[in-house]
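Following: one structure in C-alpha coordinates, then a few remarks.
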(Lines of atoms letter the chains of each structure in order from A and count residues from 1; the text may use other names and numbers.)
(Lines give C-alpha, C1' and ligand atoms only; values in the text may rest on other atoms or scores of the structure.)
Protein backbone atom coordinates (compact mmCIF):
# COMPACT_ATOMS: atom_id res chain seq x y z
CA UNK A 1 0.00 0.00 0.00
CA UNK A 2 1.30 3.44 -0.87
CA UNK A 3 2.53 5.82 1.78
CA UNK A 4 3.79 3.01 4.02
CA UNK A 5 0.39 2.45 5.63
CA UNK A 6 -0.34 -0.92 7.13
CA UNK A 7 -2.70 -3.47 5.67
CA UNK A 8 -4.76 -5.32 8.28
CA UNK A 9 -6.40 -8.73 7.98
CA UNK A 10 -8.37 -11.19 10.07
CA UNK A 11 -9.31 -14.87 10.05
CA UNK A 12 -12.63 -15.56 8.34
CA UNK A 13 -14.95 -18.50 9.03
CA UNK A 14 -12.84 -20.75 6.76
CA UNK A 15 -9.63 -20.00 8.66
CA UNK A 16 -8.19 -17.88 5.84
CA UNK A 17 -6.90 -14.33 6.21
CA UNK A 18 -9.33 -11.73 4.90
CA UNK A 19 -8.16 -8.12 4.32
CA UNK A 20 -10.00 -5.54 6.39
CA UNK A 21 -11.37 -2.38 4.75
CA UNK A 22 -9.26 0.75 4.97
CA UNK A 23 -10.29 3.30 7.61
CA UNK A 24 -9.47 6.91 8.35
CA UNK A 25 -7.31 7.85 11.36
CA UNK A 26 -10.28 8.19 13.71
CA UNK A 27 -12.04 5.08 12.40
CA UNK A 28 -8.79 3.12 12.71
CA UNK A 29 -8.78 3.88 16.43
CA UNK A 30 -12.42 2.82 16.82
CA UNK A 31 -11.90 -0.39 14.82
CA UNK A 32 -8.69 -1.24 16.72
CA UNK A 33 -6.46 -1.42 13.64
CA UNK A 34 -3.50 -0.63 15.91
CA UNK A 35 -4.21 -2.22 19.28
CA UNK A 36 -1.56 -0.17 21.08
CA UNK A 37 -2.85 3.21 19.88
CA UNK A 38 -6.50 2.28 20.37
CA UNK A 39 -5.77 0.94 23.85
CA UNK A 40 -4.01 4.15 24.87
CA UNK A 41 -6.83 6.36 23.56
CA UNK A 42 -9.53 4.14 25.04
CA UNK A 43 -7.83 3.90 28.43
CA UNK A 44 -7.04 7.61 28.63
CA UNK A 45 -10.56 8.57 27.56
CA UNK A 46 -12.20 6.17 30.00
CA UNK A 47 -10.06 7.38 32.92
CA UNK A 48 -10.82 11.01 32.02
CA UNK A 49 -14.56 10.39 31.87
CA UNK A 50 -14.48 8.46 35.15
CA UNK A 51 -12.59 11.34 36.77
CA UNK A 52 -15.10 13.88 35.44
CA UNK A 53 -17.92 11.81 36.92
CA UNK A 54 -16.31 12.12 40.37
CA UNK A 55 -14.75 15.59 40.19
CA UNK A 56 -15.50 18.87 38.46
CA UNK A 57 -14.49 19.37 34.83
CA UNK A 58 -12.24 22.29 35.81
CA UNK A 59 -10.38 20.18 38.38
CA UNK A 60 -9.88 17.30 35.96
CA UNK A 61 -8.69 19.66 33.21
CA UNK A 62 -6.29 21.42 35.60
CA UNK A 63 -4.78 18.19 36.99
CA UNK A 64 -4.41 16.60 33.55
CA UNK A 65 -2.79 19.77 32.21
CA UNK A 66 -0.40 19.91 35.17
CA UNK A 67 0.49 16.24 34.70
CA UNK A 68 1.14 16.77 30.99
CA UNK A 69 3.17 19.92 31.63
CA UNK A 70 5.24 18.17 34.30
CA UNK A 71 5.97 15.32 31.90
CA UNK A 72 7.00 17.57 29.01
CA UNK A 73 9.19 19.81 31.23
CA UNK A 74 10.90 16.79 32.80
CA UNK A 75 11.51 15.22 29.39
CA UNK A 76 12.82 18.54 28.03
CA UNK A 77 15.29 18.88 30.94
CA UNK A 78 16.36 15.23 30.60
CA UNK A 79 17.09 15.60 26.89
CA UNK A 80 18.98 18.88 27.48
CA UNK A 81 21.18 17.28 30.15
CA UNK A 82 21.75 14.20 27.96
CA UNK A 83 22.79 16.36 25.01
CA UNK A 84 25.12 18.41 27.22
CA UNK A 85 26.81 15.30 28.67
CA UNK A 86 27.11 13.53 25.31
CA UNK A 87 28.00 16.81 23.58
CA UNK A 88 25.42 16.26 20.84
CA UNK A 89 23.14 18.75 19.15
CA UNK A 90 19.90 16.92 18.45
CA UNK A 91 17.84 20.08 18.87
CA UNK A 92 14.54 20.48 20.62
CA UNK A 93 13.00 17.08 21.56
CA UNK A 94 9.55 18.25 20.48
CA UNK A 95 10.73 19.89 17.26
CA UNK A 96 8.57 17.70 15.01
CA UNK A 97 5.44 18.50 17.01
CA UNK A 98 6.24 22.22 17.18
CA UNK A 99 6.48 22.33 13.39
CA UNK A 100 3.11 20.66 12.83
CA UNK A 101 0.61 22.89 11.06
CA UNK A 102 -2.44 23.06 13.33
CA UNK A 103 -4.17 25.94 11.56
CA UNK A 104 -7.59 25.40 9.98
CA UNK A 105 -8.05 26.63 6.43
CA UNK A 106 -11.08 28.74 5.52
CA UNK A 107 -12.23 26.05 3.09
CA UNK A 108 -12.13 23.35 5.77
CA UNK A 109 -13.99 25.54 8.26
CA UNK A 110 -16.64 26.35 5.64
CA UNK A 111 -17.05 22.67 4.76
CA UNK A 112 -17.43 21.70 8.42
CA UNK A 113 -19.89 24.55 8.99
CA UNK A 114 -21.89 23.54 5.91
CA UNK A 115 -22.15 19.92 7.05
CA UNK A 116 -23.11 21.02 10.58
CA UNK A 117 -25.81 23.40 9.31
CA UNK A 118 -27.23 20.71 7.02
CA UNK A 119 -27.49 18.25 9.92
CA UNK A 120 -29.05 20.86 12.21
CA UNK A 121 -31.64 21.83 9.60
CA UNK A 122 -32.48 18.19 8.98
CA UNK A 123 -32.77 17.54 12.72
CA UNK A 124 -35.11 20.51 13.21
CA UNK A 125 -37.27 19.52 10.25
CA UNK A 126 -37.54 15.95 11.56
CA UNK A 127 -38.56 17.16 15.03
CA UNK A 128 -41.21 19.41 13.51
CA UNK A 129 -42.55 16.51 11.45
CA UNK A 130 -42.73 14.24 14.50
CA UNK A 131 -44.21 16.71 16.99
CA UNK A 132 -46.79 18.06 14.53
CA UNK A 133 -47.83 14.49 13.60
CA UNK A 134 -47.23 14.59 9.86
CA UNK A 135 -47.32 10.80 10.04
CA UNK A 136 -49.09 9.35 13.09
CA UNK A 137 -47.17 6.06 13.06
CA UNK A 138 -43.79 7.80 13.09
CA UNK A 139 -44.99 10.11 15.87
CA UNK A 140 -46.19 7.13 17.92
CA UNK A 141 -42.83 5.41 17.49
CA UNK A 142 -41.11 8.63 18.52
CA UNK A 143 -43.32 8.78 21.61
CA UNK A 144 -42.37 5.21 22.51
CA UNK A 145 -38.69 6.11 22.23
CA UNK A 146 -39.20 9.15 24.48
CA UNK A 147 -41.06 6.96 26.98
CA UNK A 148 -38.13 4.51 27.05
CA UNK A 149 -35.76 7.44 27.59
CA UNK A 150 -37.68 8.40 30.74
CA UNK A 151 -36.69 5.05 32.24
CA UNK A 152 -33.12 5.37 30.96
CA UNK A 153 -32.90 8.80 32.59
CA UNK A 154 -34.18 7.34 35.86
CA UNK A 155 -31.61 4.54 35.82
CA UNK A 156 -28.54 6.47 34.66
CA UNK A 157 -27.29 10.02 34.98
CA UNK A 158 -25.87 11.97 32.05
CA UNK A 159 -22.21 11.17 32.78
CA UNK A 160 -22.91 7.45 33.04
CA UNK A 161 -24.59 7.55 29.63
CA UNK A 162 -21.57 9.38 28.19
CA UNK A 163 -19.25 6.68 29.58
CA UNK A 164 -21.47 3.91 28.19
CA UNK A 165 -21.55 5.66 24.81
CA UNK A 166 -17.74 5.97 24.82
CA UNK A 167 -17.30 2.27 25.66
CA UNK A 168 -19.84 1.32 22.97
CA UNK A 169 -17.97 3.46 20.44
CA UNK A 170 -14.86 1.34 20.95
CA UNK A 171 -16.62 -2.04 21.14
CA UNK A 172 -19.79 -2.21 19.02
CA UNK A 173 -18.21 -1.26 15.65
CA UNK A 174 -15.54 -3.94 16.07
CA UNK A 175 -18.10 -6.54 17.13
CA UNK A 176 -20.25 -5.68 14.11
CA UNK A 177 -17.26 -5.85 11.76
CA UNK A 178 -16.28 -9.30 13.03
CA UNK A 179 -19.86 -10.65 12.88
CA UNK A 180 -21.29 -8.56 10.06
CA UNK A 181 -23.00 -11.36 8.12
CA UNK A 182 -24.88 -12.91 11.06
CA UNK A 183 -25.82 -9.50 12.52
CA UNK A 184 -27.12 -8.25 9.17
CA UNK A 185 -29.23 -11.39 8.81
CA UNK A 186 -30.90 -10.87 12.17
CA UNK A 187 -31.31 -7.12 11.59
CA UNK A 188 -33.01 -7.75 8.23
CA UNK A 189 -35.37 -10.19 9.93
CA UNK A 190 -36.25 -7.68 12.67
CA UNK A 191 -36.62 -4.87 10.12
CA UNK A 192 -38.99 -6.93 7.97
CA UNK A 193 -41.12 -7.81 11.03
CA UNK A 194 -41.28 -4.16 12.10
CA UNK A 195 -42.25 -3.10 8.58
CA UNK A 196 -44.98 -5.74 8.50
CA UNK A 197 -46.38 -4.62 11.86
CA UNK A 198 -46.18 -0.95 10.86
CA UNK A 199 -48.07 -1.61 7.63
CA UNK A 200 -50.82 -3.40 9.54
CA UNK A 201 -51.13 -0.46 11.93
CA UNK A 202 -51.29 1.98 9.04
CA UNK A 203 -54.15 -0.02 7.52
CA UNK A 204 -55.98 -0.09 10.86
CA UNK A 205 -55.36 3.64 11.46
CA UNK A 206 -55.45 5.29 8.01
CA UNK A 207 -54.21 8.68 9.22
CA UNK A 208 -51.29 10.54 7.72
CA UNK A 209 -49.89 11.15 4.29
CA UNK A 210 -47.86 7.96 3.99
CA UNK A 211 -49.38 4.75 2.71
CA UNK A 212 -48.37 1.24 3.70
CA UNK A 213 -46.04 -0.51 1.33
CA UNK A 214 -48.51 -3.25 0.46
CA UNK A 215 -51.26 -0.74 -0.34
CA UNK A 216 -48.95 1.38 -2.46
CA UNK A 217 -47.87 -1.65 -4.50
CA UNK A 218 -51.50 -2.75 -5.04
CA UNK A 219 -52.43 0.72 -6.32
CA UNK A 220 -49.53 0.64 -8.77
CA UNK A 221 -50.69 -2.73 -10.09
CA UNK A 222 -54.18 -1.31 -10.74
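Glycine is treated like the rest: Cβ placed from N, Cα and C.
What you see is a predicted model, and the numbers here were worked out from it, not measured in a lab.
Per TrEMBL, the listed range annotated as transmembrane segment is 40-64 (candidates: 15-39, 40-64). Long-range Cβ contacts of the transmembrane segment (40-64) within its own chain (Cβ-Cβ under 8 Å, at least 6 residues beyond either end) map to 29, 159-160, 162-163, 166-167, 170.
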